[in-house]
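The structure under discussion appears below in the form of structure tokens.
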Amino acid sequence: MTVLEARNLTVDIPTEDGTIHAVRDVSFTVDAGELFGIAGESGSGKSVLTQAILGLLPTATIAGEVLLEGRDLLALTQHELQSIRGSRIGMIFQDPMSSLHPYYSIGSQITEMIQVHERAERQAARRRVVDLLARVGIADADQRFDDFPHQFSGGMRQRVMIAMALVLNPPLVIADEPTTALDVTVQAQIIALLDEMRRERGTTVLMITHDLGLLSSIADHLMVMYAGRRMEIGPSGPLFSAPSHPYTAGLLASSPANYEAGAELVPIPGRPPSLLETPQGCAFAPRCLSAMAVCTQQAPPLRVYSDGIETLCWLESAPPDRAATAAEAVVPKVDTSSDIVVKAEGVRLAFGGGGLFNRNYRLEVLKGIDLELRTGETLGLVGESGCGKSTLARVIAGLIPMTGGRITLMGHDLSEVDPRTWQTLRKQVQLVFQNPYGALNPRRRIGAIIGDPYRIHAIASGKARKAEVQRLMELVGLNPEHYNRFPSEFSGGQRQRIGIARALALNPALIIYDEPVSALDVSIQAQILNLMRSLQRELRLTYLFISHDLAVVRHVCNRIAVLQAGQIVEMGEAEAIYSSPQHPYTRALLSASVVSPPRHGVSGRQLLHSIEADAA
Amino acid sequence: MIRHLAGRAAFGGLVLLTLSVFVFVLFFVAPGDPARMIAGDKATEAQLIQIRANLGVDRPITEQYFRFLGKALVGDLGFSYRNQQPVAKLIVGRLPATLSLVIGGVLVWLAVGIPVGIMSARHAGGVRDRVGQGFILVGLSFPTFVLGMTSLYLFYFLPRQAGFTLLPGGGFKPFLPNPLIWAWHMILPWSTVALTNAAVYARLTRGQMLEVMGEDYVRTARAKGLSERTVVWKHAMRAALTPLVSQLGADVAVLLGGAIVIEQVYGLQGVGALAVQAVANLDRPIIIGVVLLGGLFIVVTNIIVDIAYVLLDPRVR
């Protein structure tokens with residue numbers, strides 16, 4: 001039985017810059033009890049699609065049909081939609097921190113929903129909510145009913161959101177990136193809970209995510225979107241083992257999880273298109289590795305294959321698996337006799353304080369960290385949020401004074417250097433930050449931003465500085481002619497290149513990357529990782545690489561340190577950590593990270609027929 | 001919590017103490033001889049010396065200050081130079097007019113400003129938003145005295161010329177025995193004090209609302225199937241108005257210290273009018289008393305705002 005069916009859904013959102021064609025002619029059906037996944041990068045239209053289904057886009061023009069249990073949602077009035085939201089369609093949003101109202105207790109936020117839709121008696125409603133909270137794994141649910149969202153951890157809040165979505169037993173639950181904001185170990189728990197709840201209650205789940213790998217183990221059917229279009233749809237098994245659309249294949253090939261450690265990634269080149277224009281041919285053609293002449297001229301036909309896969313592509317069979325043919329894995333061996341760049345011994349950091357009338361408190365963030373980095377190597381620092389990894393990076397960079405221990409940088413003890421030496425030492429450590437949107441001053445030209453190190457240390461000025469900056473821009477793959485542009489004119493990936501160029505300016509001995517790719521889409525992420533690796537090979541750079549993503553860390557690092565609650569619990573060669581983790585926390589982290597889907601090529605797939613695109 | 005409040009109260013006391021030192025020194029070094037103020041131009045030097053001795057202004061400043069402080073702690077703020085009445089009693093006598101003006105004014109400006117702000121925010125960019133923005137612009141750009149004079153002309157002077165009394169031209173009537181007479185006399189002062197502030201609050205509310213309406217939890221509220229009315233008036237309002245509380249506390253405190261222009265325009269015998277007269281007369285004890293009263297109001301409202309915040313926002317509990 002079909003729960004949800006979309007037919008030729010098209011969503012246009014008017015903005016000041018013009019009309020954004022967010023969703024183009026998308027059709028799919030979701031059967032009762034299944035988990036239907038929608039995957040795509042940012043701007044693919046996946047979130048807009050679900051908000052359009054719920055009628056949460058008041059300004060948008062929506063065409064087509066969306067049938068929920070046979071009723072066309074697009075034909076309903078706002079009032080009728082209100083009675084459907086929550087009771088027939090439950091929603092789980094991405095960020096449980098911001099999706100719950102901070103001023104109301106979690107219990108009242110859930111019971112409010114029962115009251116609105118069912119007019120239940122107060123005590124009965126409370127009992128129902130408490131039962132469900134206990135069911136989704138909230139301990140002492142009865143006492144915690146009156147607690148506020150900020151009193152729960154991220155994972156617990158997402159459990160509360162799940163309870164909220166399920167409390168009225170809706171036939172359909174839409175989960176929009178339900179685990180993206182959570183730590184890996186928590187992510188796995190939440191996915192398991194969602195899967196368990198849907199099996200127990202027979203709920204149909206529509207799950208939206210940018211992480212294709214996440215869907216491989218749980219989705220029954222899958223739709224891949226790009227630039228508002230349905231690129232590929234079909235049962236999850238054949239779709240993962242042999243993606244028929246070059247974009248799906250490219251997404252899988254961009255993920256380091258699908259490679260041997262250290263192999264060159266095959267990224268999707270270029271960047272996502274503007275949604276303001278409608279290209280004549282295939283929207284993916286400019287970035288497609290299998291593109292043909294016809295792709296840019298005519299809209300692609302719909303290919304229907306015998307194993308249930310439907311693809312919007314000119315190719316008549318699956319594109320080649322480029323990850324499998326990728327360059328040989330090369331993990332550069334680090335010479336253990338090379339110089340030590342930085343050495344930390346027993347580094348401690350505690351925040352303490354107290355006001356005029358307040359009690360003193362003390363918070364230990366780093367509890368005795370020992371590590372060393374040699375020239376040319378990459379040390380990965382892995383841990384969940386709050387473990388102190390970013391703080392450690394700032395301490396090593398000298399941005400936060402430590403409260404105990406010793407850091408030796410290029411042979412100088414940081415606690416003893418005089419200001420003059422310190423200024424020259426500063427050149428040796430550079431940082432690249434996580435959020436490429438926040439880390440660049442939006443009101444300065446990028447030439448000035450990249451040239452800053454030269455200005456601050458009075459190394460080059462005028463024409464010489466400009467020449468240096470343009471050399472750096474070329475080095476990181478930016479067009480040197482864009483010297484005078486502002487950061488807003490660049491995409492996230494390009495901005496991260498700007499950050500890397502700035503870090504490279506002074507030939508530093510050590511570059512600290514603090515989650516450099518976690519804010520980027522997977523296709524862009526692969527481009528940046530490749531860039532970092534090639535720069536390291538060419539310039540013999542030393543990296544300290546901080547990340548929560550184990551696949552990424554394994555891909556770029558020689559050695560890995562696992563950080564938990566301010567302590568290094570395990571440190572060693574990257575492959576050793578992966579093949580035989582010693583510490584239970586390392587094992588927990590590893591088992592929680594999503595396993596890459598099996599890929600064994602096409603098996604007996606035949607093209608059944610093709611439907612040509614409308615001439616219009 | 002109690003610890004925290006005790007801390008705040010102690011800090012408030014420190015603020016008042018510092019304030020009293022500043023005001024005291026300021027008026028001690030200011031020109032003008034209080035003895036001559038009291039005795040008049042024809043007084044002899046001997047009389048002046050006598051008066052100075054009686055007032056205690058011939059002593060060293062530290063001694064004067066501690067004497068003042070000792071008395072002030074038990075509620076004695078000294079006597080007016082002008083008419084020898086106790087300052088505390090004079091100020092207390094002026095409080096009803098000021099309190100009436102402030103409390104009524106606050107209610108009016110909140111009742112106007114918040115709905116206008118919400119209307120503006122909910123129809124951002126539309127006709128209703130422009131109307132709201134127009135109101136904000138007018139309210140913000142009208143100086144209080146112009147507004148006061150204009151409304152007096154329109155609602156008092158013109159009707160009087162036409163032969164009837166629409167609204168009174170000023171003066172304060174006590175709440176009892178007849179609250180209607182009281183309210184009738186307060187209508188113009190209330191509207192005058194309210195217009196500017198309503199504009200400020202409309203703008204604040206609009207900004208807060210626009211921000212909050214884009215929050216994820218408002219989207220969650222919609223996705224739960226709540227009616228638009230509940231979404232706006234319960235979920236969005238709660239978050240949008242909490243920051244307004246601190247602004248309100250500061251505004252009320254300042255007004256309680258004396259709404260000088262408005263009291264002057266409408267002939268309300270309030271604290272502000274008292275302060276104006278005292279400055280004109282160089283009546284130091286009254287000035288010091290009024291300034292300390294203003295300080296006290298600011299300290300107290302800040303503590304009240306703190307408590308209100310704790311009640312409103314569970315995250316700071």
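The count begins at 1 with the first shown residue.
Including glycine, each Cβ sits where the backbone N, Cα and C put it.
What TrEMBL records for this protein:
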| type | residues | note |
| --- | --- | --- |
| DOMAIN | B:95-309 | domain 'ABC transmembrane type-1' |
| TRANSMEM | B:9-30 | transmembrane segment |
| TRANSMEM | B:99-122 | transmembrane segment |
| TRANSMEM | B:134-158 | transmembrane segment |
| TRANSMEM | B:181-204 | transmembrane segment |
| TRANSMEM | B:244-266 | transmembrane segment |
| TRANSMEM | B:286-312 | transmembrane segment |
Closest-packing stretch to the transmembrane segment (B:244-266), where packing means Cβ pairs under 8 Å, from B:9-30, B:134-158, B:181-204, B:286-312: B:286-312
The transmembrane segment (B:99-122) versus listed stretches B:9-30, B:134-158, B:181-204, B:286-312: most Cβ pairs under 8 Å: B:181-204
Cβ-Cβ under 8 Å with the transmembrane segment (B:286-312): same-chain residues at least 6 beyond its ends: 1, 5, 8-9, 12-13, 15-16, 19-20, 23-24, 27, 68, 72, 77-78, 80, 82, 87-88, 90-91, 238, 242, 245-246, 248-250, 252-254, 256-258, 271, 274-275, 277-279
Residues of the parent chain within Cβ reach of the transmembrane segment (B:9-30), under 8 Å, 6 or more residues beyond its termini: 61, 64-65, 68-69, 72, 282, 284, 287-288, 291-292, 295-296, 299-300, 302-303
